[in-house]
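The active site, proton acceptor annotation in Swiss-Prot covers Asp14. Here Swiss-Prot flags His42 as active site, proton donor, drawing on sequence analysis. Annotation comment: Swiss-Prot describes 13-19, 41-43, Arg306, 332-334, 419-421 as GTP binding site. Look at Swiss-Prot and you will find Asp14, Gly41 tagged as Mg(2+) binding site. According to Swiss-Prot, the feature IMP binding site maps to Asp14, Glu15, Gly16, Lys17, Asn39, Ala40, Gly41, His42, Thr130, Arg144, Gln225, Thr240, Arg304, an assignment based on sequence analysis. What Swiss-Prot lists as substrate binding site is Ala300, Thr301, Thr302, Gly303, Arg304, Pro305, Arg306, and the listing cites sequence analysis.
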Amino acid sequence: MSKNVVVIGTQWGDEGKGKIVDWLTDQAQGVVRFQGGHNAGHTLVIGGKQTVLHLIPSGILRKDVACYIGNGVVVSPQALLDEVGMLERAGIDVLSRLRISEACPLILPCHVALDNAREIARGLGKIGTTGRGIGPAYEDKVARRAVRLQDLFHRDRFAAKLGEILDYHNFVLKNYFQSPVVDFQQTMDETLSLVERIRPMVADVPRLLFEANRAGANLLFEGAQGALLDIDHGTYPFVTSSNCIAGAATTGSGIGPQMLHYVLGITKAYTTRVGAGPFPTELDDDVGRHLAKRGNEFGATTGRPRRCGWFDAAALKRSIQINGVSGLCVTKLDVMDGVETLRLGVGYKMMGKGEEEKFSAIMPVGAEELASCEPVYEEMPGWSGSTVGIRNFEQLPMAARNYLKRMEEVCEVSIDMISTGPDREETIVLRHPFE
């Protein structure tokens with residue numbers, strides 16, 4: 001009998017999902033991306049060699065694993081082929097193993113132009129997007145004017161839809177942002193020149209997933225970004241433009257909710273955030289700089305430095321609730337090596353409706369509410385020994401084990417996996433999600 005697992009980030013992204021997905025594909029026959037676009041950045045280290053994927057599922061690095069991009073993903077044709085080319089030059093077979101939903105909305109040059117024009121206009125109030133056109137592409141999807149992947153195979157239909165959205169977006173670019181417009185003919189010619197290279201990978205993904213599941217295949221659904229960036233449940237408006245929670249695995253791939261059996265929530269042993277938005281446990285001191293340096297905290301997509309802070313259990317509890325997390329995987333435990341005293345955020349002081357201060361053990365909804373919160377900490381002793389590469393829980397320093405056990409107690413979810421380094425094999429497994 002097949003078992004299907006959803007892997008999601010429980011923080012603001014960059015939790016180390018790529019490595020864990022790659023590790024789990026040892027027992028999966030298919031890996032599915034179901035939301036986001038090439039704004040995601042999944043870094044994998046295998047045998048000391050680093051690979052960064054933005055759009056293609058992490059399972060592509062495992063021979064004989066089928067990979068799928070579901071309808072919930074927005075696709076840049078050029079970015080897709082750039083990534084395919086990068087993998088093929090590394091000797092990885094992509095074309096026979098990757099299938100992309102014909103219903104995926106496209107990211108076009110007008111979306112990138114609009115994304116960047118908006119960020120410039122916002123000035124100091126910018127959201128901190130990756131500038132890759134993700135948000136505007138999702139807007140077109142919701143407005144029912146998106147160009148979808150299947151439209152590329154019908155020249156006249158593609159031309160008509162492209163003309164419609166360029167009329168709309170060019171008017172905004174020219175008259176509202178005073179920015180250069182996007183040329184229709186150039187966009188059409190450049191996009192159509194890619195069609196024959198993309199065509200072999202396009203398929204009816206919901207049907208393929210249904211058939212694979214019926215045949216007994218284990219499927220792994222790979223989330224991008226993190227639950228606290230979810231368009232509905234995140235720190236709005238400092239969020240991404242898609243649903244990043246486990247439930248999106250169904251709508252973004254076409255598989256039924258009863259076919260999902262386990263949700264693995266990925267969390268760092270501390271907290272990071274890229275771009276703007278409230279971050280109660282953020283550190284601007286030597287500890288924060290230690291975490292950033294040792295954890296190599298720079299965005300895989302943008303290269304921007306990540307903001308670092310203490311572990312925030314109240315934020316994680318919000319993620320656990322909205323995702324129905326079955327178990328946690330704690331990553332980058334080794335980054336905490338050498339920190340003398342650890343602080344674990346267990347909740348917030350916040351103003352109640354009667355303007356009286358109260359304690360909350362769970363993150364409030366919305367950026368404004370979170371920005372007014374003051375974290376409440378518990379202190380625990382750190383450890384001086386190295387945890388790098390440890391694969392057995394009992395071999396961890398006692399202080400590290402106590403730290404993890406306290407995380408479990410506060411968050412009320414079991415820790416099933418622990419990552420002690422960037423390499424695939426530097427992993428402790430307490431309960432295997434597929435078993």
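Cβ atoms are placed via backbone N, Cα and C, with glycine included.
A map of Swiss-Prot features onto the structure.
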| residue | record | Cβ neighbours (10 Å) |
| --- | --- | --- |
| Gly13 | GTP binding site | 28 |
| Asp14 | active site, proton acceptor | 28 |
| Gly16 | GTP binding site | 21 |
| Gly41 | Mg(2+) binding site | 21 |
| Thr43 | GTP binding site | 18 |
| Gly303 | substrate binding site | 8 |
| Arg304 | IMP binding site | 13 |
| Arg306 | substrate binding site | 21 |
| Leu333 | GTP binding site | 23 |
| Thr420 | GTP binding site | 25 |
Among Asp14, Lys19, Pro305, Arg306, Thr420, which are recorded as recorded positions, the nearest neighbour of Asn39 (IMP binding site) by Cα: Asp14
Between Thr43 (GTP binding site) and Asp14 (active site, proton acceptor), the C-alpha gap once rounded to whole angstrom: 9
Spatial separation of Gly41 (Mg(2+) binding site) from Lys19 (GTP binding site) - C-alpha basis, Å: 11
C-alpha spacing of Asp14 (active site, proton acceptor) relative to Gly41 (Mg(2+) binding site), in angstrom: 8
Where Arg304 (IMP binding site) sits in the secondary structure, as DSSP reduces it to three classes: coil
Candidates Asp14, Thr130, Gln225, Arg304, Arg306 (recorded positions) - the one closest to Leu333 (GTP binding site) by CA: Asp14
Nearest of the recorded positions (Asp14, Gly16, Thr420) to Arg304 (IMP binding site) - Cα to Cα: Asp14
Entries of Asp14, Gly16, Thr420 which, being recorded positions, have CA atoms within 10 angstroms of Arg306 (substrate binding site): Asp14
Listed binding-site residues (Lys19, Asn39, Thr130, Pro305), ranked by Cβ neighbours within 10 Å, top entry: Asn39
When distances run from the Cα of Thr130 (IMP binding site) to each of the recorded positions Gly13, Asp14, Gly303, Pro305, Thr420, the nearest one: Gly303
Where Thr43 (GTP binding site) falls in three-state DSSP terms: strand
Nearest of the recorded positions (Asp14, Gly16, Gly303, Pro305, Thr420) to Gln225 (IMP binding site), judged by Cα-Cα distance: Asp14
Nearest of the recorded positions (Gly13, Asp14, Gly16, Thr420) to Gly303 (substrate binding site), judged by Cα-Cα distance: Asp14
Cα-nearest neighbour of Pro305 (substrate binding site) within the listed recorded positions, Asp14, Gly16, Thr420: Asp14
Cα-Cα distance linking Thr420 (GTP binding site) and the residue listed as 'active site, proton acceptor', given in Å to the nearest integer: 16
